[in-house]
Amino acid sequence: MSRAMETSRTVTRRPDFTARALVPLGLFFGLALVFPFLPLGTRAEYLLQIAFFTLVAAILALSWDILARSGQVSLAHAAFYGLGAYGFALLGKVMPWFAAMPLAALIAGLVSLILGAVTLRLSGMYFAIATLAFTEVVRTIIQNLPESVAGGANGLLVPALLGGNARAQYFLAFGVLLFTALVSLAIRRSRLHHAFAAIRQGEETARVLGVSVVRYKLAAFFISSFLAALGGVLFAGKTFFINPLETFSLANSIAPLTTSIFGGLYTTLGPMLGATVLRVAEELLHNSVKNGYLVVYGLVLMLTILWLPRGLMGLLRRGKHGGEL
Amino acid sequence: MTAVSFQPSVASQQEVVLRADGLSKRFGGLLAVQNVTFTQYSGEILAVIGPNGAGKTTLLNLLSGVYRPTAGRLHLLGRDVTGESMEARCHAGLGRAFQIVRPFPEMTVHENVTVGALFGKAGVSLPEARERAYDLLERTGLAAHAEKAAHELTLLQDKRLEVARALATQPRVLLLDEVMAGLRPAEAQEAVQLVRSVQGSGVSVLFIEHIMPVVRDLADRVVVMDQGQVLAEGTYREVTANPQVVAAYLGTEEGLHA
Amino acid sequence: MELFFQTLLNGLLQSGLYALVASGLALAVGVVGIVNFAHGEFLMIGAFLAWGASAYLGVDPLLSLPLVAVAVFAVGALTYRVSIRHVLLAPELNQMLLTFGLGILLQNLALMLLGGNTRTVTTPYQGSSLSLGDLSVGGPKMIAFGLAVVILAGLYAVLYRTNLGRQMRAVAQNRRGSQLIGIDVDRVYLIAFGVSCGLAAVAGVLVATLLFASPTVGLVFALKAFAIIVMAGLGNLTGVLWASVVLGVSEALVQTYVPGGGGWSDAVFFLLIFATLVFRSFRGAR
Ligand SMILES: Nc1ncnc2c1ncn2[C@@H]1O[C@H](COP(=O)(O)OP(=O)(O)O)[C@@H](O)[C@H]1O
Ligand SMILES: [Mg+2]
């Protein structure tokens, strides 16, 4: 509506994104794939275990991020992770793992639709507190059910995943993370990406522009919780044993959030990088400090918010807007 | 500028695109919109004017579904949409530009418009939406800013973005809330051209405006609001000659002939 | 019937402590506009300071209480200066996450320095009890309730009778407007946040005498404070008192009358928060 009207030049049509953006992701997965074959020496078993839990942490962070992209900053991730773990512990006794795993995730996904539906109108701290309260409700229910059902406060034994073969378990986790990343990329390339971003940045405006907010918010919940539950299955199947207090702990909701923010919100690579750096740092600290090594999570979260609001990804892609994967 | 004025007899043969019957909205003790009734015909440009606080923006919020009316009904293209959501109204053909601009701040200008194109109408694919968004940026003079972050725009550019994004939803009826406020005369003239071209493509426009020359040049019909009610309705000439309207504007900052 | 009244009394006494924690949180939310997820950790600091003073210096918690309050006020003010202040204009998400980070940091710092054990404070009035007709009340409980009432009365007197209090309420209602009429908003924020933390710490001292000090002792109180301010309506300071009584009493009733009450009372409580939030959100629909 000014001079520019007369001179309305044509715009250079830019592609939504280029294949080059996939290179870092490819590198990450390439390294993760060859990791078990590296000459790791005497500590191979230990390192493989750390790598396994790094993959699980990445799955949780990335799945949390997918939900956050739609503006829903959830503290219920532990609930869906836990439902996956418990679902697998119970279902794994009566069916093979490859059936129990998706079924447990499906159950978590469906339960998340209930939470998603009742919290539709909540945002910000209200949403955060409601999701936190939901997690506690789920935990207390599982804890107070008769011990014969879900083990009560003492917890449950879990069928070992893949017969306890550490290498096979690692590759299963690798596969689940790859799947999660592919889902994340598919979202990035689809209308979901635009719907999520619009809802996050202005829900009412999005609706006036025709975005069916309810549908997309619930879709985000389902996808995120399904994937988180797969992470829960991996965790439970690796550790043989789960209990409500640890599985549904606030720490399990906060870790994926911290990881995503540290790595770089609303990206595919960011949460995976964040998980890698934080898991390794945590392990080093755990060995040297023992108690309270989670200090680093708090510090990282604070420093990231204050100094590095776009996380590690912000360092990698200084000053660029859009086009991120 | 030839002001095309519909005679009511001619207009009544036309398709009704928007019909408000006794719309009211109460905020606590305040009746912001009171029993507002009007009809808009296809292809018509309708202006809503009135002093600040008259309830114009609230009326637009009732039309686009941001608020549910306390009383009254709304028909859009022959369909009762009173109880329908914002997104349903958008899909049915209602587009809106906000008075207080609301770009999605972390998206580029092009992505902002893409959202409108992608979700405003069913069956638009992502590549189509992106292409349409580029076209609209060219049409609204934002071509040079396509890849900028929306929060980097000036207010004027933000207003153009509002319009471009609303147009991207392919509306049959476009609601514009003071999109020309703050423009210089030459810029306002270009905006007038844009609205004309929008009308030329078969869209009916309902706009709120304070700049009276713009209202005179553009509006086929004018609805005057005051204190939530419709004070007068008719051609620009008719309403500006109406003593009640003149009285309502007396003593307000804007005056009638700003 | 006697059991019923005893239950009511227990609930009421408990609510004094809740109101103390929740008033502090409401101050941070209402005046500064920050939801402080680290509120429980300031309580924890208060509890440990009281324990430390008692265990190492032999100072009774009731005597160290004023000092603890002032010390944690200073910690809160410092926290505001170096962190909170920089996110006042940032998105709500960033604010939440910052205080989250602070909470994790403080909690784990305590865990690192002091270990995860619970520390109890011994006081001469520990085993004492007071009987009122057929009802009896533990001495520490009664003292804690009395102190909570006195401190809350002081807080409300400051808020409603002093210039500073008026400024706080003005800022809570309209930040821009307050700035225009010459209120030093930044200073008001600093004081409000400091007082908020100080109140949490005072509650922490009382918690130390009633229960124990531990790195995670604050969490459950912070959650209850959230529930209370949500029930009261954000930033509504007087509502906090009523909501505290409602929560305290209903909790006591569940514990007394619901079979296996201990385990389920948490669920009831969280269900209450959840339902309140959801109900409010749908009622507020346009
Ligand atoms: N969400 C709201 N809550 C309460 N009052 C409102 C709200 N929106 C508008 N109002 C009041 O309704 C009246 C009409 O406002 P508005 O429609 O914005 O006027 P206009 O756009 O004609 O200047 C004003 O008195 C305004 O303060
Ligand atoms: Mg207006």
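Positions of Cβ are set from backbone N, Cα and C atoms, glycine also.
Counting only same-chain residues 6+ beyond the ends of the transmembrane segment (A:21-40), those with a CB under 8 A from a CB of the stretch are 47-48, 51, 55, 167, 170-171, 174, 177-178, 181, 185, 268-269, 272-273, 316, 323-325. Look at TrEMBL and you will find A:21-40 (among others) tagged as transmembrane segment.
Through the fold, the transmembrane segment (A:46-67) approaches residues 32, 35-36, 40, 74, 77, 81, 166-167, 169-170, 173-174, 176-177, 180-181, 183-184, 187, 220-221, 223-228, 230-231, 234-235, 238, 252, 255-257, 259-260, 263, 265-268, 270-272, 274-276, 278-280, 283 of its own chain, all at least 6 residues removed from its boundaries and within a Cβ separation under 8 Å. Under the heading transmembrane segment, TrEMBL lists A:46-67 (among others).
With a threshold of 8 Å between CB atoms, the same-chain residues lying at least 6 positions outside the transmembrane segment (A:74-91) that come near it are 60, 63-64, 67-68, 97, 99-101, 103-105, 107-109, 111-112, 115, 127-129, 131-132, 134-135, 138-139, 142, 150, 156-159, 224-225, 228-233, 235-237, 242, 244, 247-254, 256-257. Residues or ranges marked as transmembrane segment in TrEMBL: A:74-91 (among others).
Per TrEMBL, transmembrane segment is recorded for A:97-118 (among others). Long-range Cβ contacts of the transmembrane segment (A:97-118) within its own chain (Cβ-Cβ under 8 Å, at least 6 residues beyond either end) map to 72, 76, 79-80, 83-88, 91, 131, 134, 159, 161-162, 217-218, 220-230, 232-233, 237.
Here TrEMBL flags A:125-142 (among others) as transmembrane segment.
Marked as transmembrane segment by TrEMBL: A:168-187 (among others).
What TrEMBL lists as transmembrane segment is A:218-241 (among others).
Here the transmembrane segment (A:261-280) has Cβ contacts under 8 Å with residues 24-25, 28, 50, 53-54, 57-58, 60-62, 64-65, 68-69, 177, 181, 184-185, 188, 197, 296-297, 300-301, 304-305, 310-314, 316, 324-325 of the same chain, all six or more residues outside its ends. Annotation comment: TrEMBL describes A:261-280 (among others) as transmembrane segment.
What TrEMBL records for A:292-309 (among others) is transmembrane segment.
When each of A:125-142, A:218-241, A:292-309 is scored by its Cβ pairs under 8 Å to the transmembrane segment (A:168-187), the top-ranked stretch turns out to be A:218-241. Only residues 6 or more beyond the boundaries of the transmembrane segment (A:125-142), in the same chain, are considered here, and those with a CB under 8 A from a CB of the stretch are 72-76, 78-79, 82-83, 86, 115, 119, 150, 244-245, 247-248, 250, 253.
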